[in-house]
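Data first, discussion second: the structure below is written as structure tokens.
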């Protein structure tokens, strides 16, 4: 028995060593497991990138470079100038829109974002609709089919608000990266297309060669409608869309600036009193909207008006009820 016992102890020691090694292997991160659990790219991710490339190529090529031999957007804007057409500098916001969406189109391919609810459930296939309608608008406006361009503009607006609505209801982590990378590109686009839709309505009226009083009436209603949108995005929805409100302020400011120039077409069409009235109305709203933003920010102090605090409170309650879920 004395010869067998050392062998048995040696075998037990080897078995214990094997168990320790197995536990260490299980605790060591496995490259194979990481690769299999990493979210995979899907059709939405691929279509988003392709759509962005088509969008910036065709919109710039047709609308600005005149690839089809048609007038560019600047020429057509002057041809169909309305009393609420902003100064040309206002359209530089397209640089922000395309840069932001370009970053989004690339970053949504990364493992961190490719399966994010703001991409898969928020943008979803809505972005394809945005691009298709925007290309349609570019072609219709280039060939001066103004009624069709208006229809496409409204469909762009509908598609963008489809994205915003879906993202509003999608699961959110509330991070700054989520906002700037996944949400901001569509909010700034929606804000500008909201203003552009009102402008396109006025362009339609000009294209129909309606008298000055009709153009003035439509312009006044348009300004009122845009201000109503600013009230809605700040005070009606529980989580304000600050971006849209800021973009509308930008649009109103450049409308005021343009009316200081007094182009020949505007001076020949409208009376001096009408021009001054619209000019200062635009300036007033450009001041009122930032004031509304300040008021809405001040209301965040009150918990009942602070949706972000409500979310934090809900998360804290959930963690206290389910402490095992707390990270």
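Glycine too: its Cβ is placed from the backbone N, Cα and C atoms.
Those TrEMBL annotations? Automatic predictions, nothing curated.
Residues 213-235 are the range that TrEMBL records as transmembrane segment, among 213-235, 305-327.
Checking TrEMBL for transmembrane segment across the ranges 242-260, 261-279 points to 242-260. By the count of Cβ pairs under 8 Å, the stretch nearest in packing to the transmembrane segment (180-201) among 89-110, 149-168, 213-235, 242-260, 280-303 is 149-168. Long-range neighbours of the transmembrane segment (149-168) within the same chain, counting only residues 6 or more positions beyond its ends whose Cβ lies under 8 Å from a Cβ of the stretch, are 118, 121-124, 126-127, 129-130, 133-134, 136-137, 140-141, 182-183, 186-187, 189-190, 193-194, 196-197, 200-201, 203-204, 237, 239, 241.
Long-range contacts of the transmembrane segment (89-110) within the same chain, counting only residues at least 6 positions beyond its ends with a Cβ under 8 Å from a Cβ of the stretch, are 41, 45, 48-49, 51-53, 55-56, 73, 116, 119, 123, 181-182, 184-186, 188-189, 192, 247, 250-251, 254-255, 257.
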